[in-house]
Structures are given as structure tokens and as C-alpha cells.
Amino acid sequence: MSAPSSSPSAPAENVTTEGDFLAPDAGQRPAGPTPSQSRFQVDLVAEAAGATEDKSPNSDASSTVPSSDKATPAAPQDADPGTGGEEAKGRFRVVNFADPSGSGSAASPEAAPAEGLQNGDTVMSETSLHSSTGGQHHYHYDTHTNTYYLRTFGHNTIDAVPNIDFYRQTAAPLGEKLIRPTLSELHDELDKEPFEDGFANGDELTPAEEAAAKEAAESKGVVKFGWIKGVLVRCMLNIWGVMLFIRMSWIVGQAGIVLSCVIVAMATVVTTITGLSTSAIATNGFVRGGGAYYLISRSLGPEFGGSIGLIFAFANAVAVAMYVVGFAETVVELLAGVDAIMTDQINDIRIVGTITVIVLLGISVAGMEWEAKAQIFLLVVLITAIVNFFIGTFIPSKSKESVGFFGYDGAIMWENMGPDFRGESFFSVFAIFFPAATGILAGANISGDLADPQLAIPRGTLLAILITGIVYLGVAISTGSCIVRDATGNVNDTLSAQFMNCTDAACKFGYDFSACKSEKGSCKYGLHNDFQVMSLVSGFGPIISAGIFSATLSSALASLVSAPKVFQALCKDNIYPGLGMFAKGYGKNNEPLRGYILTFGIALAFILIAELNTIAPIISNFFLASYALINFSVFHASLANSPGWRPSFIYYNMWVSLAGAILCCVVMFVINWWAALLTNVIVLGLYIYVSYKKPDVNWGSSTQALTYHQALTHTLHLSGVEDHIKNFRPQCLVMTGYPNSRPALLDLVHSFTKNVGLMICGHVRAGYRRPNFKDLATDQSRYQRWLLKNETKAFYTPVFSEDMRQGTQYLLQAAGLGRLKPNTLVLGFKNDWRDGDMMNVETYISMIHDAFDFQFGAVILRLKEGLDVSHIQGQDELLSSQEKSSGMKDVIVSIDTSKDSDADSSKPSSKATSLQNSPAIQKDDDDDGKATTQPLLKKDKRSPTVPLNVSDQRLLEASQQFQRKQGKGTVDVWWLFDDGGLTLLIPYLLTNKKRWKDCKIRVFIGGKINRIDHDRRAMATLLSKFRIDFSDITVLGDINTKPKKEHMVAFEEMIEPYRLKEDDMEQEAAERLKNSEPWRITDNELELYRAKTNRQIRLNELLKEHSSTANLIVMSLPLARKGAVSSALYMAWLEALSKDLPPILLVRGNHQSVLTFYS
């Protein structure tokens, strides 16, 4: 749909009434923007000469605009400028690209509604906003919004009002994602394209999101459950297990009514706190499928989520086996009762169990709808059985008295109030009961199949806990009030006349069961002895058996559905490579059929073992571990105080959640200490594995939020503490340019700052063109990622500025935060200082002066081969391969480098400082400067690699020398001037690191020939007080000897082109030249600093004599007085001092002590 517009200065006749349409001849356009085009293209557009021409013949017909939500896609078309003779040139308008919804398809696709003619920045229908699904259009259309906020508050603007669709994730399951106008579109000048990549917000889909988007598109006709069917029913069925019918009465016999109620209450407290925590997490944003795994992973991150998800899915799979075996045992007991045993008891359990699990699998695979119907049926049976029991307790029967059931009676209740533990303790009974309280996550586990998980999970889970808790308490009190603990089942055990001293409650009813106490194990009835006592009491016994079947099968079915759903969510997130095949879903409900088969296999394996008493406590512990982590998630998220943590469920408390987490851990050890230990070991092992693999996900977890919170708190706390010499750390601002363009500089500084001090990679992007700040931000995040991938502990900080010096000043002043500020400037030596413009040398030397002005130390690294490798083709393969592996989809536009001079940091403007030098851009020579779009650093596999020339080969090898282990060698420290100790501290820190630990420190100092021994002893004493190991101290008595003549001549030749030679010209001319070229060396200063010049030349001779085999030389940097020594002379000193040597580090601290021998 076209959106014609006229500028505010348009003639009055251009304004037509609402309902009239402006439809110039339509021309075909490519469907959708190409990556380098913007959504809003600025075109030169014709201004129609008269309003009569505006009303095209087909405009009347086009007034019918479809208002349905699912408009049929039509061929995307745009309006071309109108007929040639009526064109007026120079008018701008905004034209949108394609209208996938085919807004005008009812009559003429090219016609467009215009609510009055628009001014210069109006836009199109909301559907023509290309969603970031890359060409997969979202069709969402209605008449109210069909002009995409054309008139906001009666004002023509593309600014959009708040809308939920802007906040959806890219793969939105609940609706379509829209993209709000970007800041560039609203703010940038109209004569430039607002963005260069095709996706307005840089969102291109990851494969997982594409799949989810596809899934969302296919989700018509999906079965979704409400809170009763989806959560309440499931949770109640899962919580009411076999325990209710065959263990509850035994627990009352052992613990008595009071302690039984305490046991139920304790279990309910744990599950209620967990229920509250689950509700809090589930209402803090949209919940997808995956239940407990999804909640924990999105809260605590992939490490905890991945470890719990795996064991939670496994626990559910084994729980299927546990419940099915419980069912099979009951069936086999019934068969034994009628002598219908097939083989023997254990094999019968296996046969029945296998048949059962196959039937359950069939129900599950048939789909969630069938499974839900089965659950409802089982719940009806279960509730009938419970009601049947309670009715039975009110119908005393003479025939049941001999087995211990006498109806409600105060004496029986009083007798059963206290405990009567036989071979058990309170905690062992609690451990047997607690698994009956688990199952509260049954609803949350199918979160993906709930219509509204945020409402359903809290309401259904908490109500299920309440109802089941009340029923458990009811059963405990009613069984304890009407059944005695021991009964013989013999009708003849009535009270005889001679035994009148009977004290049991049964005596009141004329029965004497005292024989049970004298002969242990002789009685088969009563609370203590008969697990099936509830069947006896109930109104109709077989219904209790049906209840047992229902309880076991429903729990088995819930677990059989939960396990694959959780496992599917885990596999979709690709946390464990290799499990991806289980992520595939089938059918409209995206059923994890492969997961079902796997769960079936695991369950079958454990059913065939048929001895589940050992496995049961491990399963309970697995569930408890996930409960503990859900509680901990809430505590952690509240503690992190992240603005994103705002659950709509408010009835939670961080400290209660923490108590719940601790309680869960305690209960784990109460139930079974070795199983608890095993669970913790497994969780820890998986946690370490996932942490090590570092899955490429970012879910905004509370771990991130807490890390930020702690970093901020500690940084502020640090700022309130004064610095102390003992805590001094070299915090380096390293002028690397792009971090991968000077590897040797990066590696060496990282060697002594890693885990010790701060390292900031500074990059000044100088140039007079208009800076592109968006690029700067993109580069910042890209190279920070590169540093992390390279395991370099550093920060990348680029700045735009007019020139290198100004940019460096910005960094010296503003880099860092609080106490985490750099205190040392590190530069690469300017090897090519004699080739380029000498003003660059002026800038370079000024940077060193600025560092001292800001009270920074200065360090200069020189390698004879050079440092900058950015011009070597292919050296950046490392970056490209890592970028590819991390799933990055950055798109870069190469720019004609002739118009561009992005100077690199350490080379203010040598010949190679254009964008070509940026390793992020590879520019083909044959592209004639046309902007080509290509993936970041993508290397053309077919292009032959150019063989490197010898000097480049050497440079590349030299640039990697600090990445290797340094073997047995020496670090030679020439500590000629006391700068506070930085010259000594850096070698010490270096030799503490693994790569350098085999190197010995040799110290060289200046001295007088007649005091060499004295000076050596003094230095040895100082070093031992500093506790710095050294292998040798050399005192140089001949520093002030005159250097060799040929070296002095060579120096003179080197500085010849840079001399002012003021004696050979007029004073005025000399001053003018000095002002225009301040770097020139005057005869006066050359004479004045003759001795200093000779010393640099002489030191170079001594360095070659003593340190030519050193792995690294660390030497005091000579100082030059600002304003007195010209930059060319200072540069010549540094050149003369450091040429033709192994790697040399020239160091000068800020003359504040950085070493101390006081404790």
C-alpha cells in the first residue's frame, strides 16, 4: 500500500477529503527491502499539478478495505511517481516498501486510504513493517490501525503509541511482533538512509527462534487447557498417590494422630512454600513449555536449569516405573487372592507393568486431549473412592469389629493420639510419607499446553495443595478415631470374665486383642498390621481398589507426559549438544514423540528391575532438589533486586523462599542421606559441565542481575577506600586500536594484568568525516565478545575524536570507573615514524607528555619486526571463526575507503590508517568502492590465499611470541632511574605467570667504577626487602663512556632531515618554520642535550652487549622536558636506545612508590 504525502508547503488544492484516494500509476517493486535498504525510503516524488489529476478513475472502487484479521497476501506494490508531464522536481516524500497484507486487494492493489494528505514523515500500514522474521511476514490487519498510527493525537507522525505487539519476543507464540520506529528513523536527517542493515532493530532470527515462529504460525487448532483441567486436576491426581490408601493408616498407627498431622503439616509447609515460589516465577513474564526446567533456567540461568532439567526429566521417567509397579503389585495381589498367578509374583509384576506402560504410552501419544480426558475419568474414580471411605467410617458393622473397626469413638481416638513406633522413628515415617506430597509441579510441567500459565499455575497448584492437605489430615484423623492399632481378626477374641483388667479401647466393645502385644507379629489386622485397612472400613471395598488403580495410573500418566515435555524444552535450548534430536515435535500440539519413546524405554527398564525400594528415595530427592532450586530462584531474584523481577503474584517473601529451599535440603537428608549426597553430586557435576560448555544463551537470569548488583556495590565500596601502596596494581590503558590488530601488545600486557589489574584496550577513531556512533556501539560489543572468546580479561573502549591526541586525552580522563581507573598508559613503539607526516610524531610524543600530565605511568613496547598486523590478509580468521561459531549475524557495509580516514590508535595517520585497516572489514580491490554487504569477516573459501612476504611472515610470528611458554630464559631489568618501582614491579608480576615462570630476573643498574661492590650489595638488600627474587645484579660503571664514533655518525644522519638549522637562515624565517613545524630540532637544544643523546646511544651498545639473548628487556624510559626537547629529538632518542634488540619494554612510573617493604 502506498502512502502518498505532500510536504507542509503543498498547495491547498492538494488536500483531498477523507475517503478520496490518491493513486498514481502503480509500478512493480521488489518484495520487501533488500538488506541495505531501509523500511522508509526517501524518494524524489512528483508533485501533482492539480487536485483533479489526484483522483484517479479507480479511486472510488478502492474504498472497500478488508477489515478481517487474516487478509490474503497480494503482490507487494508501490506507487511510482505520477505521469511525466505533471511532475514537479525536488519534493521529498516517504514511501514504504511492501504491503504484504494486500490492503487494497478488494479492488485495486495500488489504491490507498489517505486521511487527508500526509506531511513529510508519514508511514504505511502497520503490516508493512517488516517483522524481523526475515521475509516471513506477520499478517495482522484491522481497519482501526490500518494506517499505522497515521494520526497520533490528531497529529501526523510516524511516532507510535504504546502497543503490546512492540514488546513481544521475535518468535511470539501469543501474537505477532511489530517493530516500533527506530530512533534513527525518527531522529536522523531525511537525506540519509536511517539504517544500513535490513532489519530495523538488528534482530535476525536464530534457528531456535525461527522454529518457534514457525510453531507459532502453525498453532491454529492447538489444544490449550484452563486452570482446572490443566493444573488442579493434574496436581491433585499426582499428589494423591498410593500412599493415601495403603500407607496413611499405617502412618497413623506408628506416629499417632497428633504426629501424623504434624507429618502432613510439615510436608504441606514445604510444598506450599514451593507452590508460592512457583507462582511467583510463573507470573513474572510469559511461561513457555518445560515446567520446572523452564522456570529454573530462566531465573537462575542455564547452569542450574540444565542440571535440574536433566535429572527432573529422568526422575519423572523413573517415577512412571515406580507408579506402574505400585499398580502392578496391587493387581498381582488381587490375582493371588483368587489363585490366578501366571508364573511367580515378581514376573507377574513385570508382565502386568509392561502391559500397563504400553497402554499409558498409547494414551499419551494419542495426544494431550485424550490424556486430559483419561485424567478426568481417573479423578472421578479417585474422589469416589475417598468419599466411599469416609462414608464407610460412619457405618459400623459387627462383622468388622474383629478386624479392629468400631466406628468413631473417643476412647479409640484418645488411645491413638500418641505415637507407638515399632521399628520406626518419626523421621523414617516422615520419609515414607513425604513422596505422597510431591507432584505439585504436575501442572507447571505442561506449562506450554496451558491457555494462560500465569493464571493457571498459581491458582491450580495452591488449591491442589490445600485440598489434598485437608484430605490427608481428614484420613489421618478419621482412621485414628475409629480403628484400633492391633486386631486379631478372630471373632472369638471377646473379653472373658476372668480378664477384667483390660485397658485397651477395644475392651469397651467387648474385645480383647492383648494377645497381639505378647506375641509380636501374630496379628494381621489393625492400623499397624494391615495396609489394606481402608478397604475393610469403606462402604464398598472394591471401590478402594479402583481408587488405588486410579491413583497409581494417573500419577504414572502425569509423569509420562511431564518427562518428555521437560526433556523437549531442555533439548530445544541446546544446552547438551547431541540431544537435539529429541527437540523435534510432531502434530499441531508439537508432541515430543521421540521423548515419549525415550521415557517409555527408561520406565520399562526400571519396571523390569521391579525392585523399586532402592530407587524411590533417589526419585524423591531429585524432586526435592528441583523444589529447593525453585525456592532459591525466588530468593535469588529478589536479592538481585533487578527491575525485571516484578511477579504479578505478590504473596511470596524472599526469606520464606530461602527457608523453603533450606527445608527441602534438610528433608532430602532426612529421607535418605546417601541418596541426598548422590543427588547433590549429580547436580554439581552437571552444573560444572554446563558452566564449562558455556551454552550460547542469554535469558536475563537473576545470576546476571546479582553479578551486576554486586559489581556495583563493590565498586562503590571500593571508591570509599583510600589507595595503599601494598594494594597498588598496574591498571593499564593499552592503545591497541582494534584489539586483534596488535596481538603482541595485547598478550604481553595481559600477561601481567590478568587477575591482577585492570586492562582497557583503548581505540581512538580519528577522522574528519561525520562519526557513525551506531558503528562505534556495534564495534564495542563485537570486540568485547572477541576479547572474552580469546579469554583476554580486558575491556574494549573506542572513542571518536578529531585527532589521536584528543582521543587519547578523552580516554586518559574518562576511561574506567571509580577506583577501577587506569594509572598506566601503554603504547606500541612508532616504528614507521620516519616514513609519514612528522606531525604524527608530534602527536605521538604529546600523548606521552599527556600521560605524565595526568600523573599516569607510561610504558612503550618495541618489537623490531613491528606490532600492527591488521594489514595482513587472513590474520583475522580467528575472529571470523569465533564470530561464526557464536551465531553472530552482524552485517557490515564496506565503505569506499578513499573518503574515509579512520586512524588507528598507535599510528596517528600513516598510509594504512583508513578503514581498510579495520580487521572487521575486508574490501575487495575490484569492487570500485561500491558499498557491498557481506557477513562480518567472512572469508571467501574459493579465493586463493596470498602467500605472505618474508617481512610479514616474521611480523606474524613475532606477534604471537608472547602466547607461547617462554622456556628457560631471562627478563633483563635495566632499572637506571627510580620511578617509584614500576620498572621492577612489571617484571615481577610477569614472572609470576605460568608462561614466564621459568624466566629469571636479571637486574642492571648504573654505578661508579670504584663503588661497584657497594652498589651491588645496596641493590641486593633493597630487592630482598621487596621480596623479589633475582638471579643476578650487574652494576654498569661505563654508562658515561663515549659511544662508538660510527654510532654517533649514524645518529647524526638519522636526525639530519628533522633539524631546523636556524643558524643558516634569518631569525624570523626560523621562527616561522619552528611555529609551523614544531617538531624540528634546533641547534641549540642539540648542543644542550648532547650528553643525554650520547647516553642513549651508549646504552644501546650496552644492551646489545649484555641483553641480546634476553626474552624481554624492561628498561627505564628516558624523560624529555616538555617544551624544551622537540618531539623529533625525543623520538630519535627512543629509536637510538631501542633499535635492533629483543622485545623491549620502556617503563616510567609516575614517581609515586608502588613497592614497599613494610608489612
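Including glycine, each Cβ sits where the backbone N, Cα and C put it.
Keep in mind that this is a model prediction, so the values were computed, not measured.
The compositional bias 'Polar residues' annotation in TrEMBL covers 58-70 (among others).
Annotated compositional bias 'Polar residues' per TrEMBL: 119-135 (among others), in sequence order.
What TrEMBL lists as domain 'Amino acid permease N-terminal' is 142-195.
What TrEMBL lists as domain 'Amino acid permease/ SLC12A' is 230-733.
Under the heading region 'Disordered', TrEMBL lists 1-138 (among others).
Per TrEMBL, the feature region 'Disordered' maps to 897-950 (among others).
Residues 271, 323, 326, 330, 372, 375-376, 378-379, 382, 385-386, 433, 435-440, 442-444, 446, 449-452, 455-457, 459-461, 463-465, 467-468, 471-472, 475, 531-532, 534-535, 544, 547-548, 550-552, 554-555, 558-559 of the same chain lie 6 or more positions beyond the ends of the transmembrane segment (227-246) yet place their CB under 8 Å from a CB of it. Annotation comment: TrEMBL describes 227-246 (among others) as transmembrane segment.
Annotated transmembrane segment per TrEMBL: 258-287 (among others), in sequence order.
Long-range neighbours of the transmembrane segment (307-328) within the same chain, counting only residues 6 or more positions beyond its ends whose Cβ lies under 8 Å from a Cβ of the stretch, are 241-242, 290-293, 296-297, 348-350, 352-353, 356-357, 360, 445, 548-549, 552-553, 555-556, 559-560, 562-564, 566-567, 569-570, 575-576, 598-599, 602-607, 609-610, 612, 615-616, 618-619, 622-623, 625-626, 629, 679, 682-687, 689-690. Marked as transmembrane segment by TrEMBL: 307-328 (among others).
The transmembrane segment annotation in TrEMBL covers 349-368 (among others).
Counting same-chain residues at least six beyond the ends of the transmembrane segment (374-395), those with a Cβ under 8 angstroms from any Cβ of the stretch are 229, 233-234, 236-237, 240, 244-245, 363, 407-408, 471, 474-475, 478-479, 482, 534, 537-540, 543-544, 546-551, 553-554, 557-558. The transmembrane segment feature in TrEMBL is assigned to 374-395 (among others).
Annotation source TrEMBL lists transmembrane segment at 426-444 (among others).
Here TrEMBL flags 456-475 (among others) as transmembrane segment.
Panel annotation: around the transmembrane segment (593-612), residues 313-314, 316-318, 320-322, 324-325, 328, 346, 349-350, 353-354, 357-358, 361, 364-365, 560, 563-565, 567-568, 571, 581-582, 584-586 of the same chain, lying at least six beyond its termini, place a Cβ under 8 Å from a Cβ of the stretch. Here TrEMBL flags 593-612 (among others) as transmembrane segment.
Here TrEMBL flags 618-637 (among others) as transmembrane segment.
If one looks beyond the transmembrane segment (649-669) by at least 6 residues along the same chain, the residues whose Cβ comes under 8 Å of a Cβ in the stretch are 269-270, 273-274, 276-277, 279-280, 282-283, 434, 458, 620-621, 624-625, 627-629, 631-632, 634-635, 638-639, 675-676, 679. Under the heading transmembrane segment, TrEMBL lists 649-669 (among others).
Spatially, the transmembrane segment (456-475) is adjacent to the transmembrane segment (258-287); three or more Cβ-Cβ distances between them are under 8 Å for residues at least 6 apart in sequence. When Cβ-Cβ distances below 8 Å are used as the criterion, the transmembrane segment (675-692) is approached by residues 302-304, 306-308, 310-311, 575-576, 617-618, 620-622, 624-625, 665, 668-669 of the same chain, each at least six residues removed from its ends. Below 8 A, the CB atoms of the transmembrane segment (618-637) and the transmembrane segment (258-287) form 3+ pairs separated by six or more positions in the chain.
Within its own chain, the transmembrane segment (426-444) has Cβ neighbours under 8 Å at 230-232, 234-235, 237-241, 243-244, 247-248, 251, 254-255, 259, 263-264, 266-268, 270-271, 274-275, 278, 282, 291-292, 295, 419, 450, 453, 456-457, 460-461, 464-465, 468, 472, 555, 558, 562, 616-617, 619-620, 623-624, 626-627, 667, 670-672, counting only residues six or more beyond its boundaries. Averaged over the domain 'Amino acid permease/ SLC12A' (230-733), the predicted model has a pLDDT of 85.
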